[in-house]
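Contents: one structure, followed by commentary.
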Amino acid sequence: MRYITAGESHGPQLTVILEGVPAGLTLAAEHINKELLRRQKGHGRGRRMQIETDTVEIVSGVRHGMTLGSPITLIVKNDDFKHWTKVMGADPISEKESKEMKRTITKPRPGHADLNGAIKYGHRDIRNVLERSSARETTVRVAAGAVAKQILKELGVEIAGHVLEIGGVKAKHILNLSIEEIQIITENSPVRCLDKTVEQEMMDAIDNAKNSGDSIGGIVEVIAEGMPIGVGSYVHYDRKLDAKLAGAIMSINAFKGAEIGVGFEAARQPGSKVHDEILWDEEQGYTRKTNNAGGLEGGMTTGMPIVVRGVMKPIPTLYKPLASVDIDTKEAFQASIERSDSCAVPAAGVVAESVVAWELAHALVEQFGKDRMELIQQNITQHNKYAKEF
């Protein structure tokens, strides 16, 4: 499976085309809209989320609530486009109109794609860069992730995400929660945090950053349960599932690090405390005493829960802008200000769920049969029986 997205932040719409989704998957707009709404929530979101009412339109690949096996096209309209029709229109405009309407940006913002992208593509107007590099694009990545979650659900895999840290405020590690319990708690938390004792402190940190014109980042964690043993591969570097998951996390806007299992903590512990001892019994088959590997060894699943974390840097669009240089005059200026969030960590956690879900669904479809859901389900059942008796 693969997908490609298109669209600008203030353009008419965002589009994603999904290829390789098996036939026979139950899919309706409500499944996707539920995830889009989750992305819009979270303490610290900016005014843009008050403007947009993200809903999906399925325009191909689905008939009467069932996928056909052909490419699926999803679109999400940008409600704010009505205020940008001249600025972001596709048709040529006159030189006079250009000066009046283009809202040309020549001051790159530190921490963004602005300067590097302008140099790479030769854009003298940085708006041509920021419109596409904006995190608004993650709207349709969440839509793609919603489809992946439907695949996982029908294949017996559950997934959930939560916030571990915001602006230096850390949540306690809460053990032995089911995926359903994680989902219920986070959906009722403004910061998607499991630890209610630090929830208000996280919100205060976000408010303090906003009031001072600053921004803060944090850490999110995604957990998936129900993956069969042996999904992925050790044979080639580009087929290792942990590599794909880390790459997916790092592809999210403003994410600067990824961990699987205990992650970097493994560097501080001896091997005897890091590696997960193997157990077997007639009822469960092969299991592990611990899950420090985060459900992945040698590029393959171990059958234990997948645990992936990502670190998001503070959003670089600040209301007290940092120093920059005008690319036309080369004079020092304060960077341009675009409407933005003070903290998007809770929403980014939803995006992280989506990209992890896509990689897991892709791995299952690739390994157990690509054409139709019924065949994939049968193959997984047979594989699980084989693995248990191995």
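In case you wondered, yes, glycine gets a Cβ from its N, Cα and C as well.
The NADP(+) binding site annotation in Swiss-Prot covers Arg39, Arg45. Per Swiss-Prot, the feature FMN binding site maps to Arg132, Ser133, Ser134, Asn253, Ala254, Gly298, Lys313, Pro314, Ile315, Pro316, Thr317, Arg339.
Known features from Swiss-Prot, placed on the structure.
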residue: Arg39; record: NADP(+) binding site; Cβ contacts under 8 Å, 6 or more apart: Asp54, Thr138, Thr139, Val142, Ala347, Val350, Val351
residue: Arg132; record: FMN binding site; Cβ contacts under 8 Å, 6 or more apart: Glu8, Ser9
residue: Ser134; record: FMN binding site; Cβ contacts under 8 Å, 6 or more apart: Glu8, Ser9, Asn253
residue: Ala254; record: FMN binding site; Cβ contacts under 8 Å, 6 or more apart: Ala135, Gly217, Met312, Lys313, Pro314, Ile315, Pro316, Ala344, Ala348
- Just counting, how many other CB atoms are there within 10 A of the CB of Ile315 (FMN binding site)? 25
